[in-house]
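**Q** Shown below is the structure under consideration.
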Amino acid sequence: MSDFIFTSESVTEGHPDKICDQISDAVLDALLTEDPESRVACETVVNTGLCLLTGEITSKAKVDYIKLVRNVIKEIGYEGYRAGGFDANSCAVLVALDEQSPDISQGVNYADDVNDDLEDNTGAGDQGIMFGYACDETPELMPLPISLAHRLAIQLAKVRHEEVLNYLLPDGKTQVSIDYEKGLPVSINTILISTQHNPEIDGITNEEEIRQRIKEDLWTHVVIPATEDLKIKPNISKTRFLVNPTGKFVVGGPQGDAGLTGRKIIVDTYGGYARHGGGAFSGKDPTKVDRSAAYAARYVAKSIVKAKLAKKAEVQLSYAIGVAKPISILVETFDTGVISQANLTELIKEHFDLRPAAIIKEFNLRNLPKKMGGNFFRKTASYGHFGRRDLQLPWENVEEKAAKLEEASKIFL
């Protein structure tokens, strides 16, 4: 199918599930900052007036979890009259954390394929499959639908924080539908923005008048700035623009819906444009291959596309708990590759070390939280883990690796 419409969504940092992702990753940052060897599997639940922190943690670090949780909620914007019914200062915070199972830790500490190579000694923290993807639709080598959805969500949060639109509240979602012809993006079919807001705007209380005001403001202050540097731009007369289709969005955040860590895995990755192994990222230390190997798979896929060995690349990795080396490596280029997929797989095995300890070392994952002032993984917990123009993420830095791949591939041309 070469002509189609593809749709992806994003959510703001005030979405209930994203509150949870950010809290879980803030806990991870705090623990790794004090103890880089911390083992963390932290889950968060939010609901009306409640935040529950649970999971398994083994660490020498001492963290004031209640204070940390309240600070994250406050920084997102849920405080006082701007809280929209959920307040960092008054919500109950419950902490129910255990230590990591010794049966799991022994497999991570002492890999099944242990030998004299130290990086063979750290086994994968669980079994599983992970996918990485890249394509040449955008400068950051991401699919256009999810890239644009994130741009809109980031700009929506920005105009709220800066009080350009002072009636906005923290919860919000974006969705973008792109027209494709012959497999290439050609136009923006539909933009949908749902944003929480005050019940009254500058004296306006009529529901339809409020929605029209928000729609006009969002086009001017969110859509236009978020897309001004794109080759494909929205057209006010052709692009369908939907805002708060139910009519109003006053009750939101945890007051409106419960939130859980790990429920926005498609938002976190490629917007449904590529396959997903099912594992969430947030709240997991780097020994969990759900996270670290997914970063590595993106690194491999992006390197392939950057080296112009394919226009699209999807990489699947699989692991067994307690075993260092991947069980399997698969690359798919969707008939866009300049060399065979078998040759690409050979290059991957030669140029990428995909053992958990090697991935952790390559990206410095244990030490980045301290290096970044205690705030690294939390920044990835909203607006996507890949293709971030606003963050310096090591798995996105592929210039050197792509150059090596390009040179090495010449023997197959």
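Residue numbers in this text run from 1 along the chain shown.
For all residues, glycine too, the Cβ spot is worked out from N, Cα and C.
Per Swiss-Prot, the feature ATP binding site maps to His15, Asp171, Gly172, Lys173, Lys248, Phe249, Asp257, Arg263, Lys264, Ala280, Lys284; the stated evidence is sequence analysis. What Swiss-Prot records for Asp17 is Mg(2+) binding site. The feature K(+) binding site is assigned by Swiss-Prot to Glu43. If you look up Swiss-Prot, you'll see Glu56, Gln100, Asp257, Lys288 marked as L-methionine binding site. Positions annotated as region 'Flexible loop' by Swiss-Prot, on the basis of sequence analysis: 100-110.
Mind running through what each feature is packed against?
**A** Counting only same-chain residues at least 6 apart in sequence, those with a Cβ under 8 Å from the Cβ of Lys284 (ATP binding site) are Leu28, Val40, Ala41, Cys42, Asp290, Arg291.
Listed in sequence order, Val11, Gly259, Leu260, Thr261, Arg263, Lys264 are the same-chain residues at least 6 apart in sequence whose CB falls under 8 Å from the CB of Asp17 (Mg(2+) binding site).
Look at Glu43 (K(+) binding site): DSSP puts it in a strand.
Residue environment of Lys288 (L-methionine binding site) contains 23 other Cβ atoms, counted within 10 Å of its Cβ in all protein chains.
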**Q** Non-local Cβ contacts of His15 (ATP binding site) (under 8 Å, 6 or more apart, same chain)?
**A** Asp171, Gly172, Lys173, Gly253, Gly259, Lys264
**Q** Neighbour count first, Cβ atoms within 10 Å, every protein chain included; then name which of Glu43, Glu56, Asp257 tops the list of binding-site residues.
**A** Glu43
**Q** Report the nearest neighbour of Asp257 (ATP binding site) in space among the binding-site residues Glu43, Glu56, Lys288, comparing Cα positions.
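**A** Considering only the listed binding-site residues, the nearest one is Glu43.
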**Q** Roughly how many Å lie between the Cα atoms of Glu56 (L-methionine binding site) and Glu43 (K(+) binding site), rounded to a whole value?
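**A** Checking the Cα atoms of Glu56 (L-methionine binding site) and Glu43 (K(+) binding site) gives a distance of 9 Å.
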